[in-house]
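Record features (TrEMBL):
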type: BINDING; residues: His76, Ser117, His118, Ala119, Gly150, Ala151, Asn179, Tyr284, Glu365; note: thiamine diphosphate binding site
type: BINDING; residues: Asp149, Asn179; note: Mg(2+) binding site
type: DOMAIN; residues: 314-478; note: domain 'Transketolase-like pyrimidine-binding'
Amino acid sequence: MTSTSLLEGISSPDDLRSLTATQLENLAGEIREFLIEKVSATGGHLGSNLGVVELTIALHRVFDSPSDPIIFDTGHQSYVHKILTGRRDLFGTLRQRDGLSGYPDRAESPHDWTESSHASAALSYADGLAKAFELTGQANRRVVAVVGDGALTGGMAWEALNNIGDAKDRPVTVVVNDNGRSYSPTVGRLAQRLASARLQPADNKIVRAGRTGKFHQAVTLLRSFRERVKNILMPQELFTALGLKYIGPVDGHDIAALQDALSYARSYPGPVIVHTLTTKGNGYPPAENDEADQMHSTGVINPSTGRAVQARPRSWTDVFAEELVRIGHRRDDVVAITAAMAGPTGLARFAEQFPDRSFDVGIAEQHALTSAAGLALGGLHPVVAVYSTFLNRAFDQLLMDIGLLHLPVTLVLDRSGVTGPDGASHNGMWDLTLTGAVPGIHVAAPRDGRRLTEALHRCLSVTDGPSVIRFAKGAVPQDVPAVRSTDGYDVLHESTAAGLDGLDVLDVLVVSYGRLTDLASAAADELETAGHRVRVVDPLWVTPVSHTLVELVGQADLVVTVEDNGVHGGAGQMLHRAVTEADISTPVRYLGIDQRFLDHGSRGEVLAEVGLDEESVRHQVTEWVGSEVARRLTGGDGPASAQQVNHDR
Ligand SMILES: Cc1ncc(C[n+]2csc(CCOP(=O)(O)OP(=O)(O)O)c2C)c(N)n1
């Protein structure tokens, strides 16, 4: 047999059944090599998947997927599942346009039951599926939820457990993949409790040290271990109290032990928790040794070193992180909150300097916001940094716990707009719609690094309600200078030529929100070339809409707004509403993201798909201006209605 022959023979879980214990072990090795080779070429969730190789093999040996649904919480650790369910050959296209999704995807396989990449939801899906199987008389089917110790810090997981454990005769198998990490080490009392289950491995270490004559080391290990678990309830007590049968802890890299535990769980007639202990990045030293996040996810890397192939450019996150540290030195009322993402959101730098003013609350965006509200009630100014898409989780907390109380909490929304390769559930295209609904909120969408730092200062001076800054993923662009500034907006460009007057020459106002200034310039260029007069402005706030901007709209014949948020309730619509309320009838046209779930692809590809690329924008504004001129020439009266970009063309 060649070294890859086992893996090549696996195109469905059935192919696993005839393999011997040794073959299964070898298969695990092949899968690891395969993952390292493929993911280093495309980027993706490497560490998380290397940790679940044996677990996924055992799950597919014991359960009968897809008849028995296996739901992976968050879904970033489903690569091995994809390999075992016939999608191995697609890994060269991972996270690329029309290629393999980085998360479960129902269009890809009947073995995938969910799609969202938002954490802590698997147990609720499993609860619902188990109820459905019970109600429809499918007693032979079993439901499995695989959840990380990180995702278990999310409240939804406990809401579901509360129901799952209460249904004594409704079988659900909850597999806890406990590697002690979210990105960074998992925080909180729960994580400590789970860690206490590492008693067995710790004992082994102690015994090994004793056997090899290292008695002093053995005694020290024993003491430190006892110290750590003192006063901590073991996880079996916790889960048993919730009504679940507890099995574990199981060595999550021992296929035979996993199979035993999972087989017992499958035959058990009620809810079961199988607690497995795994190592994130297992078998790949660059991941195992990566202190920051054990290569939770990675860009393109050299597989032999684990190092990035290209240097990482200075990002929006860097600009924010550095400025917040500067502010932290001057203002001791500023505190920072992360929902388990201190590294990716840049808050780790603040935490290094101000550990007492930094809080990692776990994957718990809802709690993060209301805890921030509490900090604000106590006289502090919290900064909560989350990815834009994860704010969705905490809308009610923003609206009712912060907004209603007019509390000064600043939200920093990283990865807003189209993010691309992580697909529909990672695009930050909803936040303007959500935040814009909150009375009294201030929202800024800075166009470059300098404006990001200015916006952060402005937000931190808002004392009577929430404030928000949104910015994009990746490299921060060169600063885009203003021609002049007013108190409501920066002017980025103004046509200098007087031009001809007449019904067919328009004064067009392009309002550019955030980083899409290149598209606004392209629009301006196209319109100027066609003989129209154009002004491009960048508002300091998306909302509240400044009255100076509304006045400017009143002087224009046509307004075009440019943003990378969904058009529904986005910046364009907010401006349009303010304009309408001021009785101004200038037509407003929106360039934004179509209101739909966007497939994965590069950021550029996805933007082009929704008409936010230069060529489409030039074409679109020409069309809009053309119909406005035609309307004027034919004596059309009344305000033209607002209209969004037509993506079906
Ligand atoms: C609601 C939500 N917030 C944040 C994230 C970002 N995120 C993705 S995976 C992850 C850590 C997950 O840790 P764990 O569940 O233990 O899985 P592991 O990768 O360690 O196996 C986080 C914070 C998310 N996917 N969803």
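Even glycines carry a Cβ here, placed using N, Cα and C.
Features per TrEMBL, on structure.
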residue : record                            : contacts (Cβ under 8 Å, 6+ apart)
His76   : thiamine diphosphate binding site : His45, Ser48, Asn49, Gly102, Tyr103, Ser117, Ser297
His118  : thiamine diphosphate binding site : Thr74, Thr389, Phe390, Asn392, Arg393, Ser425
Asp149  : Mg(2+) binding site               : Val176, Asn177, Asp178, Asn179, Gly180, Arg181, Ser182, Thr186, Leu190, Ala191, Leu194
Gly150  : thiamine diphosphate binding site : Ala119, Arg181, Ser182, Tyr183, Thr186, Ala340, Gly362, Ile363
Glu365  : thiamine diphosphate binding site : Ala339, Val386, Phe390, Leu391, Arg393, Ala394, Gln397
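Counting every protein chain shown, 24 other Cβ atoms lie within 10 Å of the Cβ of Asn179 (thiamine diphosphate binding site).
Across the domain 'Transketolase-like pyrimidine-binding' (314-478), the model assigns an average pLDDT of 98. Taking every pair among His76, Ser117, His118, Ala119, Gly150, Ala151, Asn179, Tyr284, Glu365, the residues listed as contacting thiamine diphosphate, the largest Cα to Cα separation comes to 31 Å.
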